[in-house]
Each structure stands twice: as structure tokens, then as C-alpha cells.
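Please read the structure below before turning to the comments.
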Amino acid sequence: MEAIVALAFAFLVFPFSSPAQALSSNYYDHTCPQLESIIRSAVQKAMSNDKTVPAVLLRMHFHDCFIRGCDASVLLNSKGKNKAEKDGPPNISLHAFYVIDNAKKALESKCPGIVSCADILALAARDAVAMSGGPSWEVPKGRKDGRISLASETRQLPAPTFNISQLKQNFAQRGLSIKDLVALSGGHTLGFSHCSSFQNRIHNFNATLDVDPTMNPSFASKLRSVCPAHNKVKNAGSPLDSSNLIFDNAYYKLLLQGSSVFSSDQALLTTPKTKALVSKFANSQKAFEKAFVESMIKMSSLTGGQEIRLDCRVVR
């Protein structure tokens, strides 16, 4: 997931609740049976107006779960001197918060005070993947919303400049395996990155080389043309794969060809185990989708909240 983060920091890890805590696929069957169709409708409507919505919702959910668990803390607004997660450097380019707001508003009119913002985001991310041609799955529900959101904690998110050791450590701290790391990285099949997140690979790579030698030369040249050394174009950047509006396994195929955008993508080829998984997913979309679904359920079961927010952007 795109992030702009300095590497030199100490990991701050907060305890997450047990993955099994109160989550169940039929959690709202009696209290809000229309839940899934209402959320799906909100995502569908947003997608019809903005093709970037699926990638943003998936990234929003990922960034939420990696800080204090999946507690919708990424949705909270900054207030007074408290700068919230959404205003931390890795989240500056997040948008489409209105999708969750619209779903919440519709749900409050049907079943007031019942559905958490964290569950809405988890379901919206699933719908975003499914509506982009990817798999669908049963999302365990029953998350609660958190009350704390700190921009400083966004330093815990995996950065696009991470090497494989840093990535493995970051995921392991959340109970996620090497397979989860490679499968969830496949979320980069959707989306776009600004130049700042991969500038390190295409300009002044090291003391002797300007460009990362692991990159396909023609791909590197293309990136350098849209992202010159002193880029002044605010929204300049690159899609994260060649079919960035479709959920498929092109990301892994491009990775094996030296045409990945982030250093953290390329890092997946630097150990035999992660490289074998990249090859497996490049050769089989079915294998990728199965692993992705399993890892999404595992990641989205990291819980950490305590309440049901009535407004997803504000604590009571």
C-alpha cells in the first residue's frame, strides 16, 4: 500500500484483541439483515462516479487494520491539536471517505446504533474487490469502533521502501505470515502511486547507479518520464499494474518481469519462499484469489475497538 514513511523508526505495537473476539458471519442477521445490500449499494454508486474507489477502499481497510486493529480509527477526523491517522503522511492520498459515510447514514436509518464503522469498512473493501472482478467472501462481523486515532502511529504502516526483513517483521507483529505478506501485496493489482513513493528507485538509487538495476530498463524509463527528478506535478505517478482497475494476478506477472513500482514489491523476489509464492500466484489466478481471501479474513479479524460510533468521523 502506498506510503511515504521514513525508515528509521521504532515499531510501536499495540495489542490487538483475539482474532476470534465476537466475530461471526451471522452477527447482524437479526439486528440488521439489510446490512450487506446497503453497503454494496453505496460502493456500487460511488464506483459508477469514480473508478478509483475500489483501490482506495481496499487500502483504507488495510491501513485501518494495521494500526490498533480494524477499528475504523482511519476514518476519524483530526480535532484540535490531535492530528488523526487520516492526516498522517501515508494516508494523505486516501479519499472517498464519503462512501463509508453514505453507507453509515443509510444503515442508521434502518437499524440505528447497531452497525460499527469498522464492519462497514471491512465489507466495503470486500465489495470493492468483488466489483472489480475479484473474489467475494463471507466477512466475519462484530468489530467495534476505536476512540483513538493518531497520525504519529501511521509510522507503523509498511512503507513502499521496505526490504523483505522489514516487511516480514511488520506483518509478523500482527500475526500475519509470509504467505499473508505475499498474498496481501497482491492488493496492488488495484490502484495508483504518486511519484514520491517510488522516486528512490528511479533517481539517485545509490552512489553509483541512478536507477534500481532490478527494474526492467524500459519500465524504469517510462517511470522516469512521468516522474522527473524534480517533479512539480502534484498528481503525477503510475498505476500499480497494467490493469489497475481490474482485480487479477497481473501484479505478480509484472513483478517477475522487473516491472513492479515499489521497492517493497521487488523485495518479494529476494527470498526463495516469497519468490516461489510470487511465481505460484503469477501462474494461477485461482491460487492467488484463494490465498488473498484467506489472508484478508485473517487480517480483518484483528480487532481493537470498544463502541459503535454514530458518526464514523467523530467519537461520542
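Our numbering is plain: 1 for the first residue shown, then up by one each step along the chain.
Note: Cβ is positioned from N, Cα and C throughout, glycine not excepted.
Predicted automatically and left uncurated, TrEMBL annotations should be read as such.
Quick look at what TrEMBL lists:
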- 1-22: signal peptide (SIGNAL)
- 22-316: domain 'Plant heme peroxidase family profile' (DOMAIN)
- Arg59: site 'Transition state stabilizer' (SITE)
- His63: active site, proton acceptor (ACT_SITE)
- Asp64, Gly69, Asp71, Ser73, Glu85: Ca(2+) 1 binding site (BINDING)
- Pro158: substrate binding site (BINDING)
- His188: heme b binding site (BINDING)
- Thr189, Asp241, Asp248: Ca(2+) 2 binding site (BINDING)
Between the binding-site residues Asp64, Asp71, Glu85, where is the Cβ count within 10 Å the lowest?
-> Glu85
Cα-proximity to the residue listed as 'heme b binding site', 10 Å cut-off, over recorded positions Arg59, His63, Asp71 | Arg59
Looking at the recorded positions Arg59, Asp64, Ser73, whose Cα is closest in space to that of Thr189 (Ca(2+) 2 binding site)?
-> Arg59
Close in space but at least six residues away in sequence, with Cβ under 8 Å from that of Asp248 (Ca(2+) 2 binding site), the same-chain residues are Gly133, Gly134, Thr189, Gln285
Cα distance, Pro158 (substrate binding site) to the residue listed as 'active site, proton acceptor', nearest Å?
-> 9
PLDDT averaged over every residue in the domain 'Plant heme peroxidase family profile' (22-316) = 96
Integer Å distance between the CA atoms belonging to the residue listed as 'substrate binding site' and Glu85 (Ca(2+) 1 binding site) = 14
Spacing of the two Cα atoms, Gly69 (Ca(2+) 1 binding site) and Arg59 (site 'Transition state stabilizer'), in whole angstrom, works out to 14
If you count other Cβ atoms within 10 Å of each one's Cβ, which of the binding-site residues Gly69, Pro158 has the most?
-> Gly69
Separation of alpha carbons, Pro158 (substrate binding site) and Asp64 (Ca(2+) 1 binding site) (Å) = 12
Return the member of Asp71, Ser73, Pro158 nearest to Asp241 (Ca(2+) 2 binding site) in space, with distance defined Cα to Cα and candidates limited to these binding-site residues.
-> Pro158
Whole-number Å only: compute the distance from the Cα of Asp71 (Ca(2+) 1 binding site) to the Cα of Arg59 (site 'Transition state stabilizer').
-> 15
Report, in whole Å, the straight Cα-to-Cα distance of Arg59 (site 'Transition state stabilizer') from Ser73 (Ca(2+) 1 binding site).
-> 14
